[in-house]
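Engineer: The transmembrane segment feature in TrEMBL is assigned to 49-70, 82-102, 122-146.
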Amino acid sequence: MTEILLSLHVLAAIVAVGPVTVAASMFPPAARRAAGGGSDAGAVGTVRLLHRICRVYAGVGVAVPVLGLATGSVMGVLGSGWLVTSIALTAAAAGVLAAFVLPRQEELVEQLADRGSVEHGSTVRLALFTGLFNLLWATVTVLMIVRPGSTTGA
Ligand code: HEM
């Protein structure tokens, strides 16, 4: 049972968080390029698609903490420090994505569609929040593998 849950948890992390990382990182430069090219419909379409990938896979990504909590409870490790820290960091990453990254992407997509331009500063701020999101979940991945303080640690 533990093996199945853990496999699904890791699979969900790869399948869901991977695409969000790539698409979210590509979004700010793609938005700047689309703005530079006037109202190039293809470039705006790319930006819209990147946002859609982020939104859809963020939804799929909810499975990661759900399966993680199930794995942790079956293993009886939910109280361990490394896991409590991981849960807090996962919540912080989800918060940054839901409160800053996705809404700002949406604003930029609308601006591009409406007036074919974006404010340079807003793409820079978005890139900052995207970097923070990536840093948070990458830290969680390291914690998941190293499990500091755990006797089953790597
Ligand atoms: C609420 C959040 C989460 C919980 C409760 C959770 C829980 C767990 C548990 C209990 C394990 C098994 C550790 C062991 O074998 O002793 C695990 C492994 C793992 N988790 Fe998570 N997890 C969470 C979020 C994440 C996130 C956000 C990622 C990456 C995006 C992630 C990636 C991994 C990976 C790669 C492993 C395999 C580590 C290994 O076996 O070497 N987890 N997780």
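Note: Cβ is positioned from N, Cα and C throughout, glycine not excepted.
Any TrEMBL annotation is an automated prediction that lacks curation.
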Engineer: Near the transmembrane segment (82-102), which residues from the same chain, at least 6 beyond its ends, have a CB less than 8 A from one of its CBs?
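Structural biologist: Tertiary neighbours of the transmembrane segment (82-102) are 20, 24, 51, 54-55, 58, 61, 64-65, 68-69, 72, 126, 129-130, 132-133, 136-137, 139-140, 143-144, 146-150.
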Engineer: Which sequence positions outside the transmembrane segment (122-146), separated from its termini by at least 6 residues, show Cβ-Cβ distances below 8 Å to it?
Structural biologist: 13, 17, 21, 24-25, 27-29, 31-32, 82, 85-86, 89-90, 92-93, 96-97, 100-101, 104-105, 107-108, 153-154
